[in-house]
Amino acid sequence: MLLAALCCLLWSFRTSTGHFPRACASSKSLMEKECCPPWSGDGSPCGQLSGRGACQDIILSNAPFGPQFPFTGVDDRESWPSVFYNRTCQCFGNFMGFNCGNCKFGFWGQNCTEKRLLVRKNIFDLSVPEKNKFLAYLTLAKHTTSPDYVIPTGTYGQMNNGSTPMFNDINIYDLFVWMHYYVSRDTLLGGSEIWKDIDFAHEAPGFLPWHRLFLLLWEQEIQKLTGDENFTIPYWDWRDAKSCDICTDEYMGGRNPANPNLLSPASFFSSWQIVCTRLEEYNSRQALCDGTPEGPLLRNPGNHDKARTPRLPSSADVEFCLSLTQYESDSMDKAANFSFRNTLEGFASPLTGIADASQSSMHNALHIYMNGTMSQVPGSANDPIFLLHHAFVDSIFEQWLRRHHPLREVYPEANAPIGHNRESYMVPFIPLYRNGDLFISSRDLGYDYSNLQESERDIFQDYIKPYLEQASRIWPWLIGAAVVGCVVTAVLGGLTSLLCRRNRKQLHEEKQPLLMEKEDYHSLLYQTHL
């Protein structure tokens, strides 16, 4: 019933977040390299007449990259998005979006002047209606074609430099699956040649900012799709977990009793079709994923390679990560030592901070543990557990930011792997965002985590508690001292008052005349005689 009601609402809302805007997928836009669609509010490009933004040239950073990618001009993702567009909407103030029709994260209202903070909750703290609504929203997104975005099915060269556009429609959920595939796919070098050592969202500094933006845009898309502006992605706190406690039909899908690699037929997700998982096939054809369904969602949690991932992360592992003071270090890739990012991502040991190619820990451990669709990087976002998992990873990132208060300059400006420098635009997002733009507190982006709000209260209580205990121990002495002080003050006050009166009396007598007036003198004589 809830799903049907949501479907009825669908066309009342327009989405505006993602990859290639439908309005910019024409041969004219591609050949002119301009993506500045009109805003529906006034019909002008980028809402310029209303002061929302303007169509401007894209300024690219010229900071050098690391040595991991030795090519130039062979991948559409290089110097993003310059292969496709060199002019896009640059929005003003609190406006955002490919046509400046949205508000920046954390701002709301017709003119984007209202600021508010949304809270992401632990999935196990959701009420039954909240949990069911979340599952229904996922299903709705899976069955709704994106009205504003399309995906390219060929490279810019295969499109004859834009003169022959190659784009497909895709549903809203799979749009984000496709984004995760596209950002992490191999480079197609022509013929049968490929280059695997490249990833614009993993194994380098941009890992955490990229996935932070991915979740924010996904969250915003669901808010617009459903009209539920208070919607937030729940997180799964997997610390110290002994098994996949969200892998039940009540939550993210139990195990199929007939085939342990499939989901239970009672699950919302057992009928889902996955996309963008056949990387070797795409590479052999020098092609891109086109969004064609590729079979059911696979998951077999716990039956993974235990030599590589002996256990799920512990609370101590998380605390060790948070204790690391360097965001990035050394080569700034998966070989980096004592790097918070590399340790949290799972390429360095959460016991020592030393990179270990034989182990997959922390974030990576959860992907390996799921032993299915989620275990291969490009197509891992097919599994909705991906969202819950990365929301918790983002909460750890947020804890680190609050604990160490790094400046934006802490994020590497140069020499990171391609696409990961501070001023590099993140692939494949339009509108454009730099890696450094997301290296800020979540509260500045309009959201928080329920566990962090609680921990901050606990920190305050832990700070003030020793002083309260000391006060409680000396409280009787303080009361006694106060009483004694009052008594002493009263006595001293009384003595002081008495002395003052005596002094005034003596002073009065001293001021009497030594000789009386004549009349007084005679009167005194009269009295004496009597």
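A Cβ is built for glycine as well, from the same backbone N, Cα and C atoms used for every other residue.
As given in Swiss-Prot:
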SIGNAL    1-18  signal peptide
TOPO_DOM  19-473  topological domain 'Lumenal, melanosome'
CARBOHYD  Asn86  N-linked glycosylation site
CARBOHYD  Asn111  N-linked glycosylation site
CARBOHYD  Asn161  N-linked glycosylation site
BINDING   His180, His202, His211  Cu cation A binding site
CARBOHYD  Asn230  N-linked glycosylation site
CARBOHYD  Asn337  N-linked glycosylation site
CARBOHYD  Asn371  N-linked glycosylation site
TRANSMEM  474-494  transmembrane segment
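Sequence-distant neighbours of Asn111 (N-linked glycosylation site) (same chain, 6+ residues apart, CB-CB distance under 8 A): none. Summarising the environment of Asn371 (N-linked glycosylation site), the number of other Cβ atoms within 10 Å of its Cβ, over all protein chains shown, is 20. Asn371 (N-linked glycosylation site) and Asn86 (N-linked glycosylation site) are 41 Å apart (CA-CA, integer value). Under a cutoff of 8 A between CB atoms, and with a sequence separation of 6+ in the same chain, the neighbours of Asn161 (N-linked glycosylation site) are Leu30, Met31. Sequence-distant neighbours of His211 (Cu cation A binding site) (same chain, 6+ apart, CB under 8 A from its CB) are Ala201, His390, Val393, Asp394. When the glycosylation sites Asn86, Asn230, Asn337 are compared by the number of other C-beta atoms lying within 10 angstroms of their own C-beta, Asn230 comes out lowest. Note: the Cu cation A site is recorded as His180, His202, His211; in the same chain, Val183, Ser184, Ala201, Phe207, Trp210, Phe214, Val377, Ser380, Ala381, His390 also have Cβ atoms within 8 Å of that site's Cβ centroid. For His202 (Cu cation A binding site), the same-chain residues 6+ apart in sequence whose C-beta sits under 8 angstroms from its C-beta are Ser184, Glu345, Val377. The separation of Asn337 (N-linked glycosylation site) from Asn230 (N-linked glycosylation site), Cα to Cα, is 40 Å. Using a 10 Å Cβ-Cβ cutoff, His180 (Cu cation A binding site) registers 23 neighbours.
Residue pair Asn371 (N-linked glycosylation site) / His180 (Cu cation A binding site) shows a Cα separation of 18 Å.
According to DSSP, Asn161 (N-linked glycosylation site) is assigned to coil rather than to any helix or strand. The two recorded residues, His180 (Cu cation A binding site) and Asn337 (N-linked glycosylation site), show a Cα separation of 26 Å. Mapped onto three states, the DSSP output places His211 (Cu cation A binding site) in helix. Mean pLDDT of the predicted structure over the topological domain 'Lumenal, melanosome' (19-473): 96.
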